[in-house]
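Since the structure comes first, as structure tokens, the remarks are kept for the end.
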Amino acid sequence: MAQWTGTQIAEPGLLVQYPYGECVTPKTNHPSDFRVVQRKSTMLTDHLFSASYLLNVFSVVGIPKFPKEKISPKDVEHGDSIVLHCNPPKGIPPLHIYWMNIDLQHIPQDERVSMSRQGDLYFANVDENDSRNDYCCFAAFPRLRTIVQKMPMTLTVTRSKHANDSSSPRATTANLIKERKPRLLIPSESSGRSSDVTVIKGNDLFLECIAEGLPTPRLTWNRVDRGVTENYGKVLMVEKVTAADGGRYTCIAKNALGETRHDFNVHIEEPPSWVEKPQSGVFSIGENLVLLCKAIGNPEPTIKWKRNGLPVGDMKPSRGMVTTREISITQLQLQDSAVYQCEATNKHGTILATANVDVLDITPELLTPDGEEYVAVVGYPSYLHCQYFAIPTPDVTWTKEDSLSRLDMPSYYQYPNGTLEIRETRKTDSGSYTCWVSNSVGKSAITATLTVRDATKVSVVPKNPQVLKSHSVEFKCYAEYDSHLRHHFKISWRKDGEELDMNKTEEGRIIIERDTLLIPSVELEDNGVYTCIGSTSLDSAVDDSRLTVLYVPDPPEDLYLSEKQSRSVQLSWTPGNSNNSPINETIVEFEENRWEPRKWQELIRIPGNMTTAVVPLAPYVNYQFRVVSVNGVGRSRPSEPSERYETPPAAPDKNPENIRVEASEPHEMVMKWEPLKPMEQNGPGMEYKVSWRRQGIETEWNDETVKKHSLILKNTPTFIPYDIKVQAVNSLGSGPEPVVITGYSSEDIPEAAPSNIIVQVINSTLAKAIWSTIPKDRVRGHLRGYKVSWWKTRSRLDGKNHHPEKHSLTFNGDRNDGMIPGLEPFSEYRLTVLAFNSKGAGPESLAYDFQTPEGVPEKPHFLKILNFDKESVTLSWGPPKKPNGIVTGYILQYQIINETDDIGLLHEVNITNPSSFSLRLSNLSASTKYKFYAKACTLQGCGKPVTEEGITISEGSKAVGKITEAVKPTQKTQPLEALEPGTAHTVRLVTKNWVDNNSISADVIETRGRAYAGIYERISTQGWFIGLMGAIAMLTLLLLTVCFVKRNKGGKYSVKEKEDLHPDPEGQSIKDEIFGEYSDSDEKPLKGSLRSLDTDIKTAESADSLVEYGEGDHRMFNEDGSFIGAYTGCKEKASVESIGSSTATFPFHA
């Protein structure tokens, strides 16, 4: 059974209550006949529950109408006050009232005429203009969409008969009688000097004062700190008042005759509101119940308790107690279950709070199914649920596996609803768990299984890269996840938190392929944080990397010139975006349109954090500026140009530089200088004032002004010093005082030659020339140096005269001696010396003849092994090409060598007959490798050795060598005569004009023995063998062809290779006598007794060294650039030739 309670419904016939709780209204014929009234009620449905509802109650009303009445006209004398009443009909609020005439034009309102909040029209005083017969009051009801009009009213304003006669003395008296001090119409005088106003907290407060009087009174208020005035100061409105808005408010009406006032005592009250409400709950038998209820309001509300909608009387039994703020019951029983209500009421309203109290006694019932399986991830929290319903409140216990002990370790937490949390899951947490729920009525349990998987991990590389714009960047997402979850694992990418679609990313600029994100050409908008999300069905992991795109700065903007001076201006600008690379420098450039228009030039550079610079300027320049920013990537585009600024002209600040006198025709002096640049001229009319005078003779300056940057003086003596100065001059004045320099008039060639020539011979290749310098007055110019020339006239060895091939060296002018290198030993020479200046060379000195002594000879032309037996060998050699003197004999040396660094004792044979060119050596060891040395000697010593190597034959074997006839260069094969079976042979390919043992190629072949001939014959008849051999032969020929081409046509050759390709024909005569086979071998330093040879070699080399002459630096011979080319190359060639050697190899039986 439903029951309606709450505010009593007073309107008869409004509601009809039916047994099941329906609430209906009677029938009506028009929708506008309803008025809405809101009321709060409570419906009780049974003994356990209740509900509160806010009802919209409809009250039946009629359509608002003004009564039909006849309104009498109102006659008022001029200056009196009057009120036109509206008295609008009742209707559904809100209500809006308007005063208008019959033409629906508003009646003008001001401080004299105004409408009150009730809708009446007040006149503080009237005049003739207020007379009219159509004062209409309109009432508008927006909710009803209705506007109703009151019958028009007539107002007639008249003057007294004396007031109409201005000549009457009583007219002035009548006007004075009408003037009066203000009198309040609202509030009326009957309310006294003060009144009380009550307003509900949170509502708007309206205080109204309307006064009459003549002159028209003015209304003011004493408290307007929160409020605002309306209706020409006659209404004070305070929105949503609080307790602080309470107190006294005073309105004051004042005119010239006095004032009146009224006090409003404002009281702020409020309806009841809850501080504490009774709480519903479920309780078990025997528990204690306390329901609290506390409310506030102004006036203080009264509190009443109800049980199941009925008032609660005093509960005298010992189990309970009721007060205005509390109901307490001890030892609850089942019959204590009920709906308890607390009602708080004051004059502004009633509030109701409901608490459902249920007393139950229920065995634990588990709501979570038994046997649940949970899957968790390592490192994350896990939750095992155990939801129950039980009264009294049960005790919940969790156990693991077969253990009966409670899980109460710090890693576990049990919620009041029975859920078990494992704060940080580990692999060891896997297993079976049991939840036990028990109270005084009974006990229940469920089990759950927990499986723990490995956590997902991701890592993005590279970390936070910085990439130049238009370059590429690739992010790689490395992931680790549990193998059981591999079918559910997926990778996704985000940029700045927004998902990146793998199939649709940035118009194809970003390429995503599962774990890889590639941007082939990054743009500035690609800046951001890129996040990789690796997720499974259980967990997810994220890692991110911030991409910073670097680019040149954006161009500066908003260039502005200020503080314009004749030599400076302040330039300001707004820097552009740095594009992730700090601006470290700013460049200010300028362009001027007078000399080089449209050409931008750098002016100054300033630190990148500055946005203002004082720019230095030059006079007479029409400037325009632009700014360029520089960061670590590069330069920005230039800014837009600034406005132009032209500096005024001025006299020059500097004079020309680099003033000099250049070589010219005889008896002329050409003075030249560097002209001022256009930016240095400072003004128009640039010229140069040139001044000169002879040193020590003239005291007065000669001067001439020219526009070009040179001046020629005629008829000057030869090589005379002058004082010279050049000053810049323009239309505004002259430059600073110029610096005086010394210049000389034109030069002429020296007219004298060096004298007292002497040559001191130092050794066979070096001499020292000494001369006397020429007098300064004979130089006729600046002495540049001395030139020493020499040439060979005759060889002292053969007495032949030589065609003179001149050599020369130049020396500084302060020298009177110099070294003459590169001389040939045992020769006669002639030498001259001359002086030269800038104009040219003077006459040569008388020639001086001198001779060079003998020197150490070069190595013998060749060393050959003519015959090699098992214990002896015959050696042959040729005389040196350059004996450098008279050869007195030869020294032959030999020693045993092998494949290791160990060598045998060095043996020496001295040959005193210079005409002997062969020798047979005996007592050698069989099957032994020897190295042989041959040196030529003069009275000055022995030269470098030529070497050869060979192996003596073994016992019972013999070595036979043979040279075939010459073959054509294009020939690729050569048959050999029948060789002895089962022996080894060395085959060498050499050039026809063979002098030494160099060869093009060599190889060792071994003939087959007779026992294997049949096998080879049978194999050789097989087709596959023939094909294989043919392929090998083709490859071999191809390789040999490449070698020939490279050696004969390829690029550069060493000196040794050139000698092999172009041998001396003098050695051809002995070719047929050569015995055995030969191969090249580089000469290696040997240990033991070979040290004596090394000493000789070093001595020979040091004899020709140039470093030890000429002031400790061989570069002294390059003063005119001739010596290095003529002698250094020859010396290098000689040293290369000196290390050549050859080796002869002879076959032997093992």
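Each residue, glycine too, has its Cβ placed from N, Cα and C.
The domain 'Ig-like' annotation in TrEMBL covers 64-156 (among others). Counting residue by residue with DSSP, the domain 'Ig-like' (64-156) contains 6 helix, 37 strand, 50 coil.
Along the domain 'Ig-like' (182-267), the predicted structure has mean pLDDT 91. Summarising the annotation, TrEMBL assigns domain 'Ig-like' to 182-267 (among others).
Annotation source TrEMBL lists domain 'Ig-like' at 272-358 (among others).
Per TrEMBL, domain 'Ig-like' is recorded for 364-451 (among others). For the domain 'Ig-like' (364-451), the DSSP counts in helix, strand and coil order read 3 helix, 45 strand, 40 coil.
If you look up TrEMBL, you'll see 456-548 (among others) marked as domain 'Ig-like'.
Residues or ranges marked as domain 'Fibronectin type-III' by TrEMBL: 555-650 (among others).
The region 'Disordered' feature in TrEMBL is assigned to 633-657. The region 'Disordered' (633-657): residue composition by secondary structure is 0 helix, 4 strand, 21 coil, according to DSSP.
For 637-646, the entry in TrEMBL reads compositional bias 'Basic and acidic residues'.
The feature domain 'Fibronectin type-III' is assigned by TrEMBL to 655-748 (among others).
Residue counts for the domain 'Fibronectin type-III' (753-855) under DSSP (helix as H, G, I; strand as E, B; rest coil) come to 3 helix, 56 strand, 44 coil. Feature annotation from TrEMBL assigns domain 'Fibronectin type-III' to 753-855 (among others).
Per TrEMBL, domain 'Fibronectin type-III' is recorded for 856-956 (among others).
TrEMBL lists 1024-1045 with the feature transmembrane segment.
Between the domain 'Ig-like' (64-156) and the listed ranges 182-267, 272-358, 456-548, 753-855, 856-956, the one holding the most Cβ pairs under 8 Å is 182-267. As a summary of secondary structure, the domain 'Fibronectin type-III' (856-956) carries 0 helix, 48 strand, 53 coil according to DSSP.
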